[in-house]
Amino acid sequence: MPSLPAPPAPRLLLGLLLLGSRPASGTGPEPPALPIRSEKEPLPVRGAAGCSFGGKVYALDETWHPDLGEPFGVMRCVLCACEAPQWARRGRGPGRVSCKNIKPQCPTLACRQPRQLPGHCCQTCPQERSNLDPQPAGLVFEYPRDPEHRSYSDRGEPGVGERTRADGHTDFVALLTGPRSQAVARARVSLLRSSLRFSVSYQRLDRPSRVRFTDPTGNILFEHPATPTQDGLVCGVWRAVPRLSVRLLRAEQLRVALVTSTHPSGEVWGPLIWQGALAAETFSAILTLEDPLQRGVGGIALLTLSDTEDSLHFLLLFRGLLGGLAQAPLKLQILHQGQLLRELQANTSAQEPGFAEVLPSLTDQEMDWLELGELQMVLEKAGGPELRISGYITTRQSCDVLQSVLCGADALIPVQTGAAGSASFILLGNGSLIYQVQVVGTGSEVVAMTLETKPQRKNQRTVLCHMAGLQPGGHMAVGMCSGLGARGAHMLLQNELFLNVGTKDFPDGELRGHVTALCYSGHSARYDRLPVPLAGALVLPPVRSQAAGHAWLSLDTHCHLHYEVLLAGLGGSEQGTVTAHLLGPPGMPGPQRLLKGFYGSEAQGVVKDLEPVLLRHLAQGTASLLITTKSSPRGELRGQVHIASQCEAGGLRLASEGVQMPLAPNGEAATSPMLPAGPGPEAPVPAKHGSPGRPRDPNTCFFEGQQRPHGARWAPNYDPLCSLCICQRRTVICDPVVCPPPSCPHPVQALDQCCPVCPEKQRSRDLPSLPNLEPGEGCYFDGDRSWRAAGTRWHPVVPPFGLIKCAVCTCKGATGEVHCEKVQCPRLACAQPVRANPTDCCKQCPVGSGTNAKLGDPMQADGPRGCRFAGQWFPENQSWHPSVPPFGEMSCITCRCGAGVPHCERDDCSPPLSCGSGKESRCCSHCTAQRSSETRTLPELEKEAEHS
């Protein structure tokens, strides 16, 4: 059947305008509830795949049932899909949402009394309740998908990643070779939610230009620029993977290729296959040809140590070694500096080009050589060395980050001091471990820092490395552990080690953290700067918290803030209510930006319209990251943030000529070089057309001879007092300031104000500047990010909609609250009301029509107040079933007008019926009295015969 248009988002669909008051203190308020809200979703990325619907992002080919929110819930009989437009490249570009009514596809039932089961669109017969037949595709109930939305989260229909984890197939590997190259590469990918994180290591290959994913026929599904982070390692993320590509991955039909300048179609390639050995892999090897004349032959090995003995288990995959033979014996040798240590025989076939084996009982010397990367693996056909591949065994290369958050809750004897620690590690190919540890908030001197295993018994700990102490007068420890051994490196990569910090007051440990690998996410700040430690001792006043955390923050070339927060030690009561705020110095009034409210211990995201004041604080090192919980709403953890940039100038960051920006693993320019400070936060970027070397944001606006970044607001030169302009994606929108009627009979017109004010409010403006005001003497309005004097009334400006004349906000000086209300338009009796001015909120009857408003302003009326719902007026105490286009009347929802506010709720149906048969009403089932055919009327018998 033809697709119906996508239903609108719940707020616009229902027309419910949530009004209320929220505190607006000087340290930064929550945004007030406005009749129209600014867009919360991130701006769509050019070329990004997927669809945005109802505040969520869906991958191409993904289907879902739309959720209209309470009290309507999930529309079970409506199926939406994210479809790729015909003109777009396969798997790329924004999709198109198409929704259709699937109720006509329900099968015809033979029973007389079908039932509507919860979570289903189609009715079923009572006797089928225990053995339901499969419904048509799309008719089974699905919870709304919500894998990334955490307000970027963990409820609803399982996302792609959750379904994959349930199947046990999240990690895949590929051996990459080429018929015209001696190069060999190995690709490892992990499917996490709807993103594919990949790392590619290679040998004997010139610098690759791109990593390419294709289907079996060679169609390009995704490409990523290849920027190696170190010798022979490329990292990347494929976000919003289409479902078709996920199916290809699960079916082992997705292929990976490395593209070079000499081989634009791909120099080496291979299919991704699932291997259970990937979960335990801690060592690896890439085997290349020793004969310089051969091509297209190579192999990879996945190795791990046994948990109970010094035995090396491995899986070896190879290609081209059999030389066209269906089956051949192979010989595997383990060498050290050319001397043979071990030798194995194996039989393989062309259908299974690989085998698994065990090297039992490694000696202590062999374990040392394994740690140092000096063991060589050689594979050749038995009976002749004409084809021979070899490579050295090293610790597994990865794009993940080894890190640890140290907190008092994880100490061997938990303590609650407010101290915190943060550690970052780098594992080298020879087994050495470089560490950087930050410790803040301890009440006494740090006396010991050790890397150790989990204690098997009380006071029985195995220490692998004694770390250097803190630098004099600081809170940083930097050094290298060179004696971990092969077993220690194996345990490190298996997330089995802990970092313990002992102090004079707590010699056994005041802080302790689990060393874990953080999956690669594309966040460049992990690799070019240390994380910011978050501690309760840094909160003002200090909080003796047993939790801790650290965070990475960075500004990209468009001055967008990227952040990633990790926490540890939060108790069960705080787990569900955690928020992260970015603000200025503690105790000073100013904007406070909510980064994210989240559940669990980690959060990440991007802020694209950070306030200039906060950008300036970031550049000066006076910005703070504040973590609040349910038990500590004023702050549980805090850390000081410093990001050197020119973003406080209100424009783009411009790199100085001759300065080479270091590259992060994802290929983006890092932000570590210190750049000179720019002009003040309100200064625009002068327009210099044609100047080479200066990157320009395609969303920048050019107005009055100056460039303004996307989201910038300013007063234009032609009317600096009574106009406000905003840049919205290369478009400048200027609105006149509309003054609300003053509440006093004799207002005063100030020279520096556009709107007249009452005399007593004018006197409040004569006080010292607003930044010095106490929180109760003014309000900070997050809509246009400005301070308002007590008693001020104004029409709000909400990006990207601009001036909202249908709402009036008031600053309540006594409480510091911003209270916004929708303008109540009178009910008109004329048939054709008109809007006198395009900017007016309310319509009015035409002049000379001889009709007046039937009702005055409901907010000021003496009689009962009515309710306006979905464009209609309902009298006080009236009940009705709302109508939702294009689905019609919602018979299971009842709305009622009370005190001028509509209240809607779903009808409460009784528990499942115990009677044998029932009667189906518009929403709920109820039992009916059974009557014999003698007592039933003739029309009832005729109707029953028709249904039978």
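Note: Cβ is positioned from N, Cα and C throughout, glycine not excepted.
What you are looking at is a predicted structure, and each value in this text was computed from that prediction instead of being measured.
Annotation source Swiss-Prot lists domain 'VWFC 1' at 49-126. Residues or ranges marked as domain 'CHRD 1' by Swiss-Prot on the basis of sequence analysis: 168-277. According to Swiss-Prot, the feature domain 'CHRD 2' maps to 279-398, an assignment based on sequence analysis. What Swiss-Prot lists as domain 'CHRD 3' is 399-520, and the listing cites sequence analysis. Sequence annotations record features per position, and here Swiss-Prot assigns domain 'CHRD 4' to 526-646. The annotation domain 'VWFC 2' is assigned in Swiss-Prot to 699-759 on the grounds of sequence analysis. Summarising the annotation, Swiss-Prot assigns domain 'VWFC 3' to 779-845. Under the heading domain 'VWFC 4', Swiss-Prot lists 867-927, citing sequence analysis as support. Swiss-Prot lists Asn347, Asn430, Asn877 with the feature N-linked glycosylation site. Positions annotated as region 'Disordered' by Swiss-Prot: 143-165, 665-697. According to Swiss-Prot, the signal peptide annotation covers 1-26, on the basis of sequence analysis.
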Can you tell me which recorded stretch out of 49-126, 399-520, 526-646, 699-759 has the most Cβ pairs within less than 8 Å of the domain 'CHRD 1' (168-277)?
49-126
What is the separation, in Å, between the Cα atoms of Asn430 (N-linked glycosylation site) and Asn347 (N-linked glycosylation site)?
32
Treating G and I as helix alongside H, and B as strand alongside E, what does DSSP give for the domain 'VWFC 2' (699-759) in helix, strand and coil?
1 helix, 22 strand, 38 coil
Tally of residues which DSSP labels helix, strand or coil - the domain 'CHRD 3' (399-520):
9 helix, 58 strand, 55 coil
Within the domain 'CHRD 2' (279-398), count helix residues (DSSP H, G, I), strand residues (E, B) and coil residues, in that order.
11 helix, 64 strand, 45 coil
Expressed to the nearest Å, what is the distance separating Asn347 (N-linked glycosylation site) and Asn877 (N-linked glycosylation site) at their Cα atoms?
84
